[in-house]
Amino acid sequence: MNTQPLRVGIGGPVGSGKTALTLALCLALRDRYNLAVVTNDIYTREDADFLVRNQALAPERIIGVETGGCPHTAIREDASINLEAVDQLNRRFPGLDLILVESGGDNLSATFSPELSDLTIYVIDVSAGDKLPRKGGPGICKSDLLVINKIDLAPLVGASLELMNSDTQRMRNGKPFVFSNQKTGVGLEEIVAFIERQGLLTAA
């Protein structure tokens with residue numbers, strides 16, 4: 001049995017689908033694992049409220065952190081506010097298996113502190129254009145898993161998934177990535193399998 005929960009950081013630009021992915025992961029994993037969530041917003045608890053409204057988990061299992069500044073700082077340079085939220089959840093629910101830490105929307109240079117996250121998932125979306133993987137940055141190149149979301153929008157924005165696939169392979173140098181559409185569940189099974197495999201999770 002794990003003495004400490006697996007902490008999975010979910011990052012990405014504003015509007016890429018981080019909260020939708022967090023919701024989908026909660027719904028997929030909550031019956032198998034002892035699970036909790038920390039969300040980050042600059043001035044509100046909007047993402048936490050969204051998860052509560054959509055019954056992702058019991059409200060007491062979701063903590064919304066108001067960072068009050070650059071969301072990057074709260075997950076990297078000074079992660080204390082998030083670490084305190086993680087500690088609070090551990091005290092509230094002894095024996096947690098998994099804590100999802102969703103960052104506030106940020107730029108392509110955002111990364112999680114190793115003190116806060118054991119695995120990182122970075123979410124980008126097709127509506128930003130097929131050139132996005134080529135722009136690189138730590139999230140695209142170095143995250144443990146890259147999720148390319150909203151693939152259904154590719155025809156609407158003139159984005160080539162084939163080009164995104166080849167560019168992403170080149171930029172990630174063998175690291176895994178998944179194409180997804182959280183509205184329909186495409187890619188979710190692969191993301192769940194990645195978390196379980198890389199996080200060494202064993203369902204009760």
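Glycine too: its Cβ is placed from the backbone N, Cα and C atoms.
Pulled from Swiss-Prot, these are the features on record:
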type	residues	note
BINDING	G12, P13, V14, G15, S16, G17, K18, T19	GTP binding site
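Mapped onto this structure are the features recorded in Swiss-Prot.
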residue : record           : contacts (Cβ under 8 Å, 6+ apart)
G12     : GTP binding site : K18, S103, G105, D106, Y122, V123, I124, D125, G139, V147
P13     : GTP binding site : G105, D106, N107, L108, I124, D125, A128
V14     : GTP binding site : G105, D106
G15     : GTP binding site : G105, D125
S16     : GTP binding site : G105, V123, I124, D125, A128, N149, K150
G17     : GTP binding site : V123, D125, V147, N149, K150, S180, Q182
T19     : GTP binding site : T39, D47, F50, L51, E102
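Of all Cβ atoms in the protein chains displayed, 28 besides its own lie within 10 Å of the Cβ of K18 (GTP binding site). Taking the centre of the Cβ atoms of G12, P13, V14, G15, S16, G17, K18, T19 as the GTP site, the nearby residues of that chain (Cβ within 8 Å, site residues left out) are G105, V123, D125, N149.
When secondary structure is read from DSSP and collapsed to three states, K18 (GTP binding site) falls in the helix class.
According to its DSSP assignment, P13 (GTP binding site) is coil.
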